[in-house]
Amino acid sequence: MGRSRSSSSVSKRRYFNPAYYLKKPKRLALLFIAFVAASLFVWDRQTLVREHEVEISQLNEEVNQLKAMLEELKSIHGDAFKLINNRSTGPSKKVISEDPIDIHRREKVRDAMIHAWNSYEKYAWGNDELQPQSKNGVNSFGGLGATLIDALDTLYIMGLEEQFQRAREWVANALDFNKDYDASVFETTIRVVGGLLSAYDLSGDKVFLEKAKDITDRLLPAWNTPSGIPYNTINLANGNARNPGWTTGNSILADAGTEQLEFIALSQRTGDPKYQQIAEKVIEVLNKTFPDDGLLPIYVNPRSGTGSYSTITFGAMGDSFYEYLLKVWVQGNRTSAVSGYREMWEKSMKGLFSLVRRSTPSSFAYICEKSGDMLTDKMDELACFAPGMIALGASSHEHADSQKFLALAEELAWTCYNFYQSTPTKLAGENYFFHSGQDMTVGTSWNILRPETIESLFYLWRFTGNKTYQEWGWNIFQAFERHSRIETGYVGLKDVNTGVKDNMMQSFFLAETLKYLYLLFSPSSVISLDEWVFNTEAHPLRIVARNDGDISGQLEEQTSRSRGRKEGQFDE
């Protein structure tokens, strides 16, 4: 037994002796093959382990990113979403996952708002507007804190609570309307009254409603005219109202027809009907001589209430009159009490179609201006609100021609986007001319951070779900970041061809441009168009059904008499 164990041990040890293999090459080859196979096996196992480790690391990283995004959404939107919907008592809605690209872009827009606001706070607090390059504030609107009030709802919607609270304290303790200043009734209404009412609707804080009532009461003497068409300028301290000399005594159409949303909302919130009554009387007067094509000249005589011979345009001084015809109907929740507004708007859209031409060679659709029987191939960037307005009108009402209108809205939006893309800075000029064979050329070449094109992209994205509109908006935002952002805020451009900068951060950049960009990358539930309507300064006001049957009923009756058999038609 002992010998047998010794012999076995010697036999096994020979396999570890190199001579055993060197004597017979086959044994060496087998050993090499075995070594290679073992090495490959070990290497394969190690590779798999490493790959699994990488995959696990990547998955952990993605989980952490998703957690970070969730926390980001909570921090950015959590309170804002709850506050915006604080009147909803229904069951919680299903959470729909968001595109990370939208979240990233929305955060970049929010960062831009923080940069703009911090610059305003640092250099122009309480002033109307910031001059970023000279690092000081200017009172372009009589010292009413226009930028601060214009930005209230943007701060709220973006969840910037600390900034909102500081602004709220200024409104409560420092805002004073007793100014010996000739204020624009139009600008004061859309920026200050609209901004305060929106802040009230969002937050429920009555300090905003009280201030809105205060400033509106100071504006009311402007409506003391023989026709009820308001003067465009009023002294906030003594109530003296007048029209500027350059209008030869006439009132401006857009100025007279762009208080209805705010004044109706103020009457609804305060229970005092006088604001709604004086604002709706303007539409009642204009409706008496409203033409079949729904197009009015930009000058209106405040004594007779009739139009004076002047340009017809969807650009400067005409634009928001047509916008408010539609939006008062939306604001009233599309009830029969406000149907007269819708009918007037449909007439105006028939007139708009008559002004549409297409360029050569690229067939860009554009809206001409009209003087008498003459059409001018010119379109303001301001008129780029029209695609959004048309989309809102087409999508808010079942109508045989709704698709035709939506198609026109998309064509016009493409033209407006190309206002931006056609310049070296990728920022749009103030207006454009169209020439046969040359498409579009910049007329007035400045850019003052206007929102109208982005506004229309927002509406079209909401109604079509086409992410192309988000891409266009992102491209425009990046152009603003490249050419308008400086260390102390945002500035416009003196020339979109050279990129030379000006020295003004317009209040509407915070109120409109950044807000519409932010909403362009937000879920449709944020400021739902089923619950809110935007005034012309992008201040959202809550939709409240109108069933009062008073002055709006009179408007409906008059419109019915004037329209004949053309009820509700989108005829060209």
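Each residue's number is its place along the chain shown, starting with 1.
Glycine too: its Cβ is placed from the backbone N, Cα and C atoms.
All annotation found in TrEMBL is predicted automatically rather than curated by experts.
According to TrEMBL, the feature coiled coil maps to 49-76. Across the coiled coil (49-76), the prediction's mean pLDDT works out to 57.
The active site, proton donor feature in TrEMBL is assigned to E187 (among others). There are 20 other Cβ atoms within 10 Å of the Cβ belonging to E187 (active site, proton donor).
Under the heading active site, TrEMBL lists D319 (among others).
Neighbours of C416 (disulfide bond), defined as other CB atoms within 10 A of its CB across all chains, total 30. Look at TrEMBL and you will find C384-C416 tagged as disulfide bond.
Its own atom aside, the Cβ of E430 (active site, proton donor) has 19 Cβ atoms within 10 angstroms in the protein chains shown. Per TrEMBL, active site, proton donor is recorded for E430 (among others).
The feature active site is assigned by TrEMBL to E452 (among others). Other Cβ atoms within 10 Å of the Cβ of E452 (active site) number 26 in total over all chains.
Take the CB of T536 (Ca(2+) binding site) and look out to 10 A: across all protein chains shown you find 26 other CB atoms. The feature Ca(2+) binding site is assigned by TrEMBL to T536.
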**Study point:** Cα-to-Cα gap, E452 (active site) vs E187 (active site, proton donor), nearest whole Å
**Key:** 16
Study note, to complete from the structure: Here the recorded positions are E187, C384, C416, E430, and the Cα closest to that of T536 (Ca(2+) binding site) is found at E187
Point to revise | Rounded Cα-Cα span from E430 (active site, proton donor) to C384 (disulfide bond), Å | key: 11
Practice item. Taking the Cβ of D319 (active site) as the reference point, list residues of the same chain whose Cβ is under 8 angstroms away and which are at least six residues distant in sequence. Key: A254, T313, D380, L382, A383, F385, A386, T536
Practice item. Determine the Cβ neighbour count for C384 (disulfide bond): the number of other Cβ atoms within 10 Å of its Cβ. Key: 29
**Study point:** Rounded inter-Cα distance in Å - C416 (disulfide bond), E430 (active site, proton donor)
**Key:** 11
